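Taking it in order: structure first as structure tokens, then the write-up.
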Amino acid sequence: MNKDQRSVGAERGALVSLWGLLGLFLMKGIVGWFTGSKALLADACHSAADFANSTLVYTGLRKGRTSSSTQAQATSTITIVLSVGLLVAGLEIGISSIKSVAQGVLAAPGVGAVIAIAVGMIFRSALVRYKRRFESRCGLREDRTGENRSDIFASLTALVGAGGALVGEIYKMPFLYVLDPAAGLVIAVFVIRMGVQLTVGVMRSAKKHAIDESDSQMMFEVVHRIDGVVAVEEINAREHGHYIAVDVMISVNPRITVSEGQEIATRVRRSLLKRFLHVIDASVVVQPYDPGFPYKTNHQDLDSSLPLQ
């Protein structure tokens with residue numbers, strides 16, 4: 001699978017996950033509103049956090065393929081707005097849950113809340129399995145982005161809260177009604193945490209950072225073995241979802257022409273894209289080797305063989 005196929009395939013997989021999470025958010029939010037379940041509303045906010053994170057992944061993949069600075073700025077702005085919205089929603093759900101616990105809960109949420117949570121868990125698990133199969137086919141490295149699995153815990157917490165309150169209604173135990181807002185409070189903490197992490201992630205994604213030491217060493221060796229490369233000065237990477245875009249600076253013989261230097265840069269780029277499946281793009285900067293260092297060229301050999309006048 002070549003670079004373009006991997007790029008388009010990764011975008012397709014991220015887009016499917018994106019729409020699936022949006023559907024989960026809307027379904028949980030609507031049912032939670034009508035059933036009055038704090039736990040389900042908080043779980044809906046958590047699905048919104050997953051949706052925001054998937055949005056960052058998807059737009060990051062497109063940014064890596066299009067290399068547009070304007071699009072990069074728009075992506076950061078949209079994601080920051082989403083993360084701020086998550087923080088506000090998490091705080092609102094948390095405060096509302098605390099008030100419900102303090103004032104006392106008079107009724108349990110409807111059975112529809114429990115059904116919605118269960119259906120959401122099944123659908124989310126299907127999305128995760130689809131994503132893993134798709135990533136495996138596209139040659140993505142597992143756990144490249146440190147995928148957050150708190151979504152399962154959030155849904156389980158919501159299920160325990162809403163289900164426990166419903167059991168209290170069935171068996172005439174009103175003291176169990178408090179489980180629903182208590183679960184909402186726990187999930188709200190996770191939503192706030194994800195909002196903070198998303199904001200920090202946006203700030204970091206805009207900056208270059210060092211890649212894994214093993215990857216860096218392997219890339220260094222691959223680039224250094226390419227004919228015409230005198231030295232590898234620097235290797236940096238930017239995360240774009242499950243892929244990375246690599247920026248390489250190399251030094252070449254200062255006596256070669258500009259076109260020859262561009263040809264070497266093209267060979268470096270092709271080698272990186274072919275050798276490393278998770279590299280979606282490579283930018284190569286060519287500079288002349290510093291003549292202050294002892295670099296012996298064929299021209300120098302010829303000069304040294306000429307007799308002194």
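Glycine residues also receive a Cβ, built from the backbone N, Cα and C atoms like all the rest.
Taken from TrEMBL, the feature transmembrane segment applies to 12-34 (among others).
Annotation source TrEMBL lists domain 'Cation efflux protein transmembrane' at 15-199.
Per TrEMBL, the feature transmembrane segment maps to 40-61 (among others).
Distant neighbours of the transmembrane segment (73-95): 38, 41-42, 45, 48-49, 52, 55-56, 59-60, 63, 184-185, 187-189, 191-192, 194-196, 198-199, 202, 205-206; these residues of the same chain sit at least 6 beyond its ends, with a Cβ under 8 Å from one of its Cβ atoms. Positions annotated as transmembrane segment by TrEMBL: 73-95 (among others).
The transmembrane segment annotation in TrEMBL covers 101-123 (among others). Residues 20, 23-24, 27-28, 31-32, 34-37, 39-40, 43, 47, 152, 155-156, 158-159, 162-163, 165-166, 168-169, 174, 176-178, 180-182, 185 of the same chain lie 6 or more positions beyond the ends of the transmembrane segment (101-123) yet place their CB under 8 Å from a CB of it.
Here TrEMBL flags 152-171 (among others) as transmembrane segment.
Per TrEMBL, transmembrane segment is recorded for 183-203 (among others).
Mean model confidence of the domain 'Cation efflux protein cytoplasmic' (212-283) amounts to 85 (pLDDT, 0 to 100 scale). Among the features that TrEMBL reports, domain 'Cation efflux protein cytoplasmic' is placed at 212-283.
Within its own chain, the transmembrane segment (183-203) is flanked in space by residues 37-39, 41-43, 45-46, 48-49, 52-53, 56, 76, 79-80, 82-84, 86-87, 89-91, 93-94, 96-98, 100-101, 148, 150, 153-154, 157-158, 160-162, which lie at least six positions past its ends and keep a Cβ under 8 Å from the stretch. Using DSSP to sort the residues of the domain 'Cation efflux protein cytoplasmic' (212-283) gives these counts of helix, strand and coil: 30 helix, 27 strand, 15 coil.
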